[in-house]
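Student: This is the structure I have questions about; it appears just below.
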Amino acid sequence: SREQPIFSTRAHVFQIDPNTKKNWVPTSKHAVTVSYFYDSTRNVYRIISLDGSKAIINSTITPNMTFTKTSQKFGQWADSRANTVYGLGFSSEHHLSKFAEKFQEFKEAARLAKEKSQEKMELTSTPSQESAGGDIQSPLTPESINGTDDERATPEVTQNSEPRAEPTQNALPFTHSSTISKHWEAELATLKGNNAKLTAALLESTANVKQWKQQLAAYQEEAERLHKRVTELECVSSQANAVHTHKTELNQTIQELESTLKKKEEEIEGLKQEIDNARELQAQRDSLTQKLQEVEIRNKDLEGQLSDLEQRLEKSQNEQEAFRNNLKTLLEILDGKIFELTELRDNLAKLIECS
């Protein structure tokens, strides 16, 4: 295999909560093996960890990455390609320090590899006359494209070796509108994450397009120079055979350059298509943002209506209570009148008996 492990340790693996960007979420139930791998073909270093057959860490080390010790047994680093932050909890401070030393060592090696790749790109972007007859190699490699501007921002994280529980939210009085609002907030958060990835890819693609345009211009200049050289050689009659052979070689080189130009133009078209797709996703995000704002306004209106209904209900209850009190008072008065009438009847009955 072209990729071999060069250092291994064991740790508990965590990832940042994609929703809150504050709390840790454990991705392994127990301590697992975490290894540094070196890909000799692409000259890159990666951190890989498997939990059974599932890859819970697959992070390529770039010169812009930073491994931060947040406690005596816990450390973290951000990976913009994976759009996450990885956290490792170790059994001892020694294991953490050793892992951090290796991270710095391989980060420096990745930086040197990137500089060599850039030097190679600069050399091959301006081919000399002596190399015109040979194979033209593109200076752009996967490492030089993917290894730039990786860690643009590291989220601020409250560090713990154990994940924290999310605070529970008090249920809103109007459950239906709250559910709709949370749904759109989740949709917006997802779109923001996708938009960040697409923005990074768009910036990287724009830089690559600029480099390729410079290469295309260099190739065109080289092709024009070779055409002029062919014309000059054809004017030399004393060396017709040698000129013919040289012309054939130069024509072959020109064909190779034209083929390379065609490939680069196709790659530019593909990048333009990706940019158009990114703009479409941006438009969808703006539309969903507007819908979320409309839902929030509707939610506020419903909350106002609910508050008004509660006030009216309280007022009605107060009126009913006053009515009950009045009825009670009336009943007491009526009982008194009935008692007086009863006494009056008894007195009348006694008078009739006496007479």
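Glycine too: its Cβ is placed from the backbone N, Cα and C atoms.
The feature coiled coil is assigned by TrEMBL to 202-333. According to TrEMBL, the compositional bias 'Polar residues' annotation covers 138-147, 156-173. Annotation comment: TrEMBL describes 1-110 as domain 'WH1'. Positions annotated as region 'Disordered' by TrEMBL: 114-173.
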Student: Could you count the residues of the domain 'WH1' (1-110) that DSSP puts in helix, in strand and in coil?
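Tutor: Tallied per class, the domain 'WH1' (1-110) gives 18 helix, 54 strand, 38 coil.
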Student: The coiled coil (202-333): mean pLDDT?
Tutor: 86
